Amino acid sequence: MHVTENAPLAPLTTLRLGGPARRLLTAQSDDEVVAAVRAADAAGEPLLVIGGGSNLVIGDAGFDGTVLRIATTGFTLEGTALELAAGEVWSEAVARTVDAGLAGIEFLAGIPGSAGATPVQNVGAYGQEVAQRVTEVVAYDRTAGELVTLANADCAFSYRHSRFKAEPDRYVVLRVRFALEEAAGLSSPVQYAEVARTLGVAAGERVDLRTAFETVLRLRAGKGMVLDPADHDTWSAGSFFTNPVLSPEQFAAFLAQVDERRLEAPAWPAPDGHTKTSAAWLIDRAGFTKGYGSGPATLSTKHTLALTNRGRASTEDLLALAREVRDGVRAAFGVELVNEPVMVGVRL
Ligand SMILES: Cc1cc2nc3c(=O)[nH]c(=O)nc-3n(C[C@H](O)[C@H](O)[C@H](O)COP(=O)(O)OP(=O)(O)OC[C@H]3O[C@@H](n4cnc5c(N)ncnc54)[C@H](O)[C@@H]3O)c2cc1C
């Protein structure tokens, strides 16, 4: 196991923000992960598990404890059953499944970070989310002190949420198993309107698998949602806010505000009576357009939903911008935006 004392964390995050960790451990096998977690728990040491650092906002003071970076490897495909070690790079694993001609996670191409983090916030994009394909998650349960295998139904997946996110100090994901689909070189049915429009097909149709994969990568790159070290628009944590899910009462109040301004808001009704609307739309219409901000942290010039570090920002700069956007949307529409990335040692 690789150990570094007083290790800078900023280079381990896609925002390039955050102070140092007292100690950084890098684990390359499941046994090393479990040993490190057991040792930290036995010593009562604060522990932060990280993968690719693409969904983290770490405070400028850093982390006064042990940071465990999971760098395990393992990609096994048997028929349509895929098993990934937690440390596998997600975007590379997706590309390999497309090379193998299997559908199921092709619309999740280009999402940064590790495979082990994908069940944590039920990673999703362009009409797919991992919950649709995960069969089992193998994890170390810090409460029970043993390895557990959770079936999909035990993971409590919902929109950008799961049991792993609900109980953040309990599970360390070691392996994720997926059931993919052999669809004769075709993709899963296209669900997302923008993808369907771009491909010139109706929602629900299947298209050539590689075309689907490449189309998503192109759409994402156009929004600064594929990592590129040379492009500050990608020095972000992806979408900074989740799309608000409104109760019938909240949605009625929201519509009244929107109608008054003769605007038309995106609305996706859910079967349980709630309605999801678009955080990007709210931010833009509240006056925070692409590139907003004059400091070292600004909105991405390609996407209003990404808060970015232009190179010299501190975490406090980023949070000041996030608070300004959140408060502006609340004042304009009465809707409370909630951060998607995990905050470490800071609050919005
Ligand atoms: C440019 C960009 C685009 C993005 N686009 C999307 C998108 O389209 N859809 C989407 O859903 N997300 C997106 N994200 C967010 C992010 O990529 C995902 O949430 C990703 O799964 C995070 O993986 P990670 O390994 O970087 O996690 P980290 O940032 O390292 O950690 C995130 C959280 O997961 C926990 N964690 C990490 N690994 C483990 C593990 N093995 N066991 C237990 N807990 C763990 C950490 O403790 C932390 O709480 C984007 C981010 C960026 C920068």
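Even glycines carry a Cβ here, placed using N, Cα and C.
According to TrEMBL, the features are:
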ACT_SITE  R160  active site
ACT_SITE  S239  active site, proton donor
ACT_SITE  E340  active site
DOMAIN    17-183  domain 'FAD-binding PCMH-type'
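Here the features listed in TrEMBL are placed on the structure.
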{"residue": "R160", "record": "active site", "DSSP (3 states)": "coil"}
{"residue": "S239", "record": "active site, proton donor", "DSSP (3 states)": "coil"}
{"residue": "E340", "record": "active site", "DSSP (3 states)": "coil"}
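Neighbours of S239 (active site, proton donor), defined as other CB atoms within 10 A of its CB across all chains, total 22. Around R160 (active site), the same-chain residues at least 6 positions away in sequence with a Cβ under 8 Å from its Cβ are Q121, N122, G124, T242, E340. All chains included, 18 other C-beta atoms sit within 10 angstroms of the C-beta of E340 (active site). Computed over the domain 'FAD-binding PCMH-type' (17-183), the whole-number mean pLDDT of the model equals 97.
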